[in-house]
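In what follows, a single structure is set out as C-alpha cells and then discussed.
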Amino acid sequence: MRKVESIVPEYLLEKFAEKGSEKAQKSLEHTKKIHEKRKNLIKNQEIMDSSLENNKEHKATIHVYDCQHTEQPQHKLVRDEGDSPTDDEDANQAYDAGKVILEYYKKVLHRNSIDNHGLDLIFNVHYSNHFMNAFWDGEQMIFGDGDGEIFIDFTGGIDVIAHEMSHGVTQYTSKLEYHDQPGALNESFSDCIGSAIKQYHLGQNAQNADWLIGDKIIGPKFPGKALRSMKEPGTANEHDSQPNHMDKYDDGSNLNFETEEKRQSYIVHTNSGIPNKAFYLVSMGIGTDNAAILWYNAWPHLHPNSGFHDAFEEILKAAKALINEGKMPQNTDQVVNKAFSDVGIVKS
C-alpha cells in the first residue's frame, strides 16, 4: 500500500475533527484527493529512477510556488533559484530550509538531493484554505497554512520540511511500503533525518537538543508541546500513544477504525516511536550526525517490506563496515546493539 506521507497523522486530524474542527475535517478530505495521484507516481518510479541514471552531477535548484489557497500545485512561481527574498515569509522559509537540507544531504550524508541525482526541489506554499498538513506527494512538497489555532504555518519547522523531503529519499532507496513495520520505519527514517537536520541548523547536539518533532508548527490550542518526542515517545501531546519498546507495539486492534487505511495510518505513525527511540539512544552514544550516517547507509539495503529487525541488522552491518573504514567510533556496533536491545529489538 502506497499513499501520501503527511507530517500530521490522519488519526490526529480525526481527533480534532471529532471535537468540532471543520478545518481538520476538510484537511482530511483534501489529503484523500491526492492519494490516487501518489499511487500512480509510485507505479512509474522505476522509469523515473532509470531516466536519472546519467545525471549524477546535476545541482539541485529550488522553486517555490504560491498555491494562493487553491488546490493547484505550481500555481504561481514566487521565488526561483537565486532570487532575492520575497515579501512572502512562508516562501522564504521554505526556500531557506531547502538550502540547509540540501547542504546536510551533501555535506553529511554525501547525497545529491532527494534522488541522489540532483533532483530540483519544488515547494508549494499556501495550499488550500487553512490546510492543516504538509506532505511529499512523490515529486514535490505541499505546505498548508494551518488553521491558526491548532496548527500554524507548516513552513516554520525545518524538521517538518526535512521529514517530508526524506520520505522522498525512502522513495528512491528502500521504497518501504506504507503499512505495519515497513510503514513505521518509513515514518521513523523521516523523523530521524528531520531531527538531525534541525540540530544541524540550530547548532545543537544530541545532548542539548529537545528531540521534538513539529514543535514549531503547533498553535495555541494544540494540546501538547509537539507532534512527537524521539527522546520520550508518547509524551508529546495528549493524543500521543507512541510506544518506546516492542512490548508495547500497537497494531490498533483495540481501536475501531472505519477503514484499513485509517488503521494503517495509526500503526505507522504510532509505532515509529520504537525505532525513533533507538535512533535517539544511538545518537546519545556516538553523536546525531553519526547516527544519521548509519541509518542512511543502511536504508538502500532494506526492501519494501522490511521490518524493525531487518533495519537493526542493516544498521549494525553499516556500523561494522564504517568502523573498519575508520569512519565511526570503535564502539559504534556496541552502541547500536544496546540501543536496539533497550527498545526490545535483539539479534535473532
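The backbone N, Cα and C atoms fix where each Cβ goes, and this holds for glycine too.
Keep in mind it's a predicted model, so treat the numbers as computed, not measured.
For 35-171, the entry in TrEMBL reads domain 'Peptidase M4'. TrEMBL lists 71-91, 228-254 with the feature region 'Disordered'. TrEMBL lists 174-345 with the feature domain 'Peptidase M4 C-terminal'. For H269, the entry in TrEMBL reads active site, proton donor.
Around H269 (active site, proton donor), the same-chain residues at least 6 positions away in sequence with a Cβ under 8 Å from its Cβ are P9, Y11, L12, A184, E187. For the domain 'Peptidase M4' (35-171), the number of residues in each DSSP class (helix H, G, I; strand E, B; coil) is 49 helix, 21 strand, 67 coil. Secondary structure of the region 'Disordered' (228-254) per DSSP (helix as H, G, I; strand as E, B; remaining residues coil): 3 helix, 3 strand, 21 coil.
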